[in-house]
Amino acid sequence: MIKYVLISALLVVAVYSFTIEDNEDALLEEAEDELDTEEERRMALPPGAVCNGHKSDCQCFGAKYKCSCPLLWRFRRSAKCHCKKGWAWTAIKKRSCHNRYQWSG
């Protein structure tokens with residue numbers, strides 16, 4: 001019985017430690033995103049330009065343009081993402097972009 005209690009306690013501690021690490025990683029990503037928003041505010045990429053697939057669609061100029069990447073682009077070095085026209089929901093998603101003043105009329 002005591003073995004089960006100890007094993008359960010160790011399992012809870014292990015899960016808790018992984019959760020704390022995930023929270024720290026999330027905080028670091030949020031800090032990096034805040035720095036990236038300053039760059040996004042300054043410049044939006046024109047349609048057809050090469051964009052960073054790891055960042056948001058806000059980097060592409062226009063309400064309906066998104067950063068579109070080819071299939072399995074993360075595993076191919078030569079694959080590049082480009083700003084391409086998306087669907088109507090892309091415009092809805094991009095309403096929260098910090099640089100929307102550049103393309104909104």
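All positions are counted from 1 along the displayed chain.
Each residue, glycine too, has its Cβ placed from N, Cα and C.
Each of Cys60, Cys69 is a candidate, yet Swiss-Prot gives the disulfide link of Cys83 to Cys60. Per Swiss-Prot, the cysteine from Cys67, Cys69 that shares a disulfide bond with Cys51 is Cys67.
The disulfide entry in Swiss-Prot for Cys69 points, among Cys58, Cys81, to Cys81.
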